[in-house]
Amino acid sequence: MLEIKALKSAYGRIEVLHGIDLSVSSGEIVTVVGANGAGKTTLLKCLSGVQPVIGGSISFRGETMTHVPGHKRLKRGLAQSPEGRQIFTNLSVEENLRLGAFLFTDARVDQDMAEAFQMFPVLKEKRNLNAGGLSGGQQQMLAIARALMGRPACLLLDEPSMGLAPILVAQIFDVVKGLKALDVTVLLVEQNAFGALSIADRGYVMETGRVTISGSAKELIADPRIREAYLGH
Amino acid sequence: MPELMQFLLSGLTVGAVYALVALGFTIIYNASDVVNFAQGEFVMLGGMITVFAYGAGAPLPLAAAVAILTTVFVGVALNKLAIEPARGAPVVSLIIITIGASILIRGVTQIVFDKQIHRFPAFTGDAPIPFFGATLLPQSLWVVGGALTVFVGLYLFFTKTLTGKAVLATANNRLAAQLVGINTGWVMTLSFGLSAAIGALAGVLVTPITLTSYDVGIGLALKGFAAAMLGGMGNPKGALVGGLLLGVIEAMTAGYLSSQYKDAAAFVVILAVLFAMPQGLFGAKSTERV
Ligand SMILES: Nc1ncnc2c1ncn2[C@@H]1O[C@H](COP(=O)(O)OP(=O)(O)OP(=O)(O)O)[C@@H](O)[C@H]1O
Ligand SMILES: [Mg+2]
């Protein structure tokens, strides 16, 4: 579904992705783990078209989209719940969700919103409140729900567990796992390698702009190098 | 007492224009963080183009429509040719670009039209209407009514339409707006077009009272900026209240002190706001929660 080949990206003159190869098949949950500053967020930004690509290619559902502008990628089925949630803090919870479906005006919008509220009942309670007043966990739920309102075939998730209490982390990972049943393919970026690998099918390890290890989630969890570097034993 | 009422009425009339200029500032500021000092030129263009289209024989409503559309075109061009290509430059550079653009617009207007002072007739005559011992020009009602209509219309646009919410979303978080499929470049174009239209409309409404010439834009930009600061930059409600308040302060200064000090009022307001409450009356953009 998603094919990334030799992808390079830079901030100004400083190259931070040095040729990433990565693929995600339809129906998979694939995770990218790696330390601070490895380039995970930059990779997802390239995929969403909000960060310039200076080499390599991205193809999605059989079409090249390396240089498609950012606002046109959701129409092609690629959504992102970005790092730091990035919800619209000046708008209500419901308005955030409605804007997630900005591309649509049909009756399914209401239906999708009802489903989002079913998935995250707390958002329904707070639907008319300003989204800026939500707690971190609620904002994360809103960010995921907003991305799903765009009816993606593939969802990019950037560190959904960041800064959350363990019980909320578990809840968020459960939701991500549940996306399989909704036919949404997932590319999950995480520093919480253990949590991510335990729900993923496959994984990639990124270090300073390169993929260093890849394999099935089971293999990676058992890999001594990963256990040492990311799993803390 | 009739004196006070008279000052109040003229203050509110001029204040309505300041409010519209401040609203123009607000819309562009929210969409791009740019303080567009060419905003006053939009008002000037609205008045001047109407003068010349009317002089060329067009009926007044048509002349006004031509003026507003031409100004929208200028506003969109300003964004496309000057602001968009400089995307990523520091905001200060963008502000300087708008100052440059305002000088250019003024220069071109002076060449295409002239340096004289102009007016066209009031929409519904000049017979003063008695009002609690004071008198009111019919055109003042047009100005105040026009401004209120714009504010109500814009309020509905931002709260009731998906496009309006997309503009608010872009103002709040450009990255997230792109991720949900909003063309943020188009939102910028829309914001400049809208601000230009509002400015030009203000020029059309007020020219029969205040007259116009190629150089009225600088003063209006400063007054509108002061009004926007007073109300809180980025807040439409602040633009309305700040504009009306500044108009009244100015009219009272002119009436009770001396008309020589009238223009100083705006500067005193800017300084007072900067010292006493930099957020303005209605605060700035809501602070983000991490
Ligand atoms: N806006 C920016 N300007 C310049 N350099 C940047 C910018 N954003 C990121 N970088 C640099 O690019 C590299 C990759 O950063 P990136 O944010 O993609 O890493 P990450 O893997 O997502 O890290 P984290 O786990 O902390 O989120 C880092 O060296 C970072 O310093
Ligand atoms: Mg990151």
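Glycine residues also receive a Cβ, built from the backbone N, Cα and C atoms like all the rest.
Annotated features, as they stand in TrEMBL:
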- B:7-31: transmembrane segment (TRANSMEM)
- B:51-79: transmembrane segment (TRANSMEM)
- B:91-113: transmembrane segment (TRANSMEM)
- B:140-158: transmembrane segment (TRANSMEM)
- B:179-205: transmembrane segment (TRANSMEM)
- B:211-231: transmembrane segment (TRANSMEM)
- B:238-258: transmembrane segment (TRANSMEM)
- B:264-284: transmembrane segment (TRANSMEM)
Check your understanding: What same-chain residues lie close to the transmembrane segment (B:140-158): Cβ under 8 Å, and 6 or more beyond its ends?
Key -> 9-10, 12-13, 16-17, 19-20, 23, 122-124, 129, 164-165, 167-168, 198, 201-202, 205-206, 209, 236, 240, 243
Check your understanding: Counting only pairs at least 6 apart in sequence, do the transmembrane segment (B:91-113) and the transmembrane segment (B:238-258) share 3+ Cβ pairs under 8 Å?
Key -> no
Check your understanding: Which of B:179-205, B:238-258, B:264-284 has the most Cβ pairs closer than 8 Å to the transmembrane segment (B:7-31)?
Key -> B:238-258
Point to revise | Tertiary contacts of the transmembrane segment (B:238-258), as residues 6+ beyond its ends and Cβ separation under 8 Å | key: 3, 6-8, 10-23, 25-26, 147, 151, 223-224, 226-232, 264-266, 269, 280-282
